[in-house]
Amino acid sequence: MKKLSILGVTGSIGTQALDVIKKSNGELKLIGATANSSVNKMIEIIEEFNPKYVGMMDKNSADKLEKYCKERNKQTIVLSQMEGLNKIASLEEIDIVLTSLVGMIGLEPTLEAIKAKKDIALANKETLVVAGELVMSEAKKNNVKILPVDSEHSAIYQSLRGNDLKTLNKIILTASGGPFRGKKLCDLNDIGVDDALNHPKWNMGRKISIDSATLMNKGLEVIEAHWLFNCDYDNIQVVIHPQSVVHSMVEYCDGSIIAQLGAADMRLPIQYAFNYTERKNLIAKTLDFYEVAQLTFEKPDLETFKPLKLAFKAGKQGGLMPTILNGANEAAVALFLDEKIEFLDIFNIIENCMNTFEEETKKPLTLENIIELDKKVKKYVVDMK
């Protein structure tokens with residue numbers, strides 16, 4: 001039996017991970033789980049999965065949950081805030097941690113888990129975007145596996161299995177193109193929140209849905225792929241694939257291309273990471289090629305969807321520039337979701353921040369500098385609104 005902690009258990013990835021655990025015939029067990037403030041959802045999880053530990057980032061929510069557990073004589077231990085997240089990420093009795101928190105908040109507990117020598121099922125892409133060098137170095141030092149949960153990176157991981165990385169020629173990351181595929185800049189002036197959240201293929205959380213609409217999600221995945229697979233940015237290609245059947249591809253030095261195909265179901269890469277490459281039965285819809293009918297591929301429009309272009313630029317510059325990119329994007333997306341800025345303002349804010357904070361990139365890449373700069377960039381974005 002494999003014992004797990006899930007950071008961000010009430011979100012989209014966390015919820016689907018629970019379904020994987022439920023269908024594992026007792027081979028997977030939830031030991032620790034964290035959420036931000038969703039008390040009612042966490043109560044349901046306690047009742048169904050009986051985790052030994054739960055953590056809430058919001059202290060008031062933790063107090064409510066603790067009261068619930070005491071009144072019903074539940075043995076679940078309730079922890080709170082970042083200290084609680086870090087403890088649940090590094091529990092002695094667990095084997096693997098799923099980090100499915102959204103944003104920079106996932107960095108610190110991920111590092112704590114790695115230091116505790118826990119394998120990481122990584123769904124929090126921002127961790128590698130801002131601190132890829134630190135995370136991969138720490139993972140190597142502690143002999144920890146970083147197992148990708150993003151469908152694209154899981155596809156690459158699977159396509160690389162059994163082959164020498166030295167023979168890798170190119171990584172081809174596929175993207176659905178989001179809800180605005182084919183549109184030009186002038187078509188994006190009056191985009192509302194509901195329009196941007198309406199992803200054609202994937203059922204995702206609000207923040208990642210907006211990132212998919214701007215193509216920033218693919219930009220973050222480019223940086224993530226660079227660190228996961230030690231691949232130069234010039235050898236990472238993004239291809240628009242609206243059917244979302246080919247999850248990504250790998251081109252080898254002889255020109256051969258290996259791809260991973262499957263239904264658009266996040267439970268597949270989650271289960272693959274949990275079982276560390278061992279194939280297990282999963283009751284899910286499989287791919288029917290008669291239904292698919294055709295597979296098409298297009299070049300991304302980098303002039304319209306500038307965030308993807310900016311992500312390549314930030315990744316190539318390295319150091320603290322990806323922290324600026326990510327912090328500006330997180331803050332801008334939050335403002336857009338609150339209907340305080342327009343859709344295209346997200347693009348302009350990211351570029352503005354990359355120019356404004358250029359001098360900050362001369363500082364060394366440390367955890368302290370990453371956290372400090374992230375706060376500084378986000379405050380700047382909120383203040384400029």
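Just so you know, the numbers here start at 1 and follow the chain as drawn.
Glycine residues also receive a Cβ, built from the backbone N, Cα and C atoms like all the rest.
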Inset, instruction - Pick the one from Gly192, Gly205, Gly219 that Swiss-Prot also lists for the NADPH site with Thr10, Gly11, Ser12, Ile13, Asn124, Glu126. - result: Gly205
Legend entry - Recorded Mn(2+) site member, picked from Glu83, Glu92, Glu93, Glu221, that accompanies Asp150, Glu152 in Swiss-Prot: Glu221
Legend entry - Least Cβ-crowded entry, counting other Cβ within 10 Å, from the binding-site residues listed as Gly11, Gly205: Gly205
Legend entry - Whole-number Å value for how far Asn217 (1-deoxy-D-xylulose 5-phosphate binding site) lies from Asn124 (NADPH binding site) (Cα to Cα): 12
Inset, instruction - May I ask which of the binding-site residues Lys125, Asp150, Glu152, Asn217, Glu221 is closest to Ser12 (NADPH binding site) if we compare their C-alpha atoms? - result: Asp150
Legend entry - Under 8 Å by Cβ from Asn217 (1-deoxy-D-xylulose 5-phosphate binding site), counting only residues of that chain that are 6 or more apart: Ala175, Ile208, Asp211
Legend entry - Length of the line joining the Cα atoms of Glu126 (NADPH binding site) and Glu221 (1-deoxy-D-xylulose 5-phosphate binding site), in Å: 9
Legend entry - Fewest-neighbour residue among binding-site residues, criterion Cβ within 10 Å, set Ser12, Asn124: Ser12
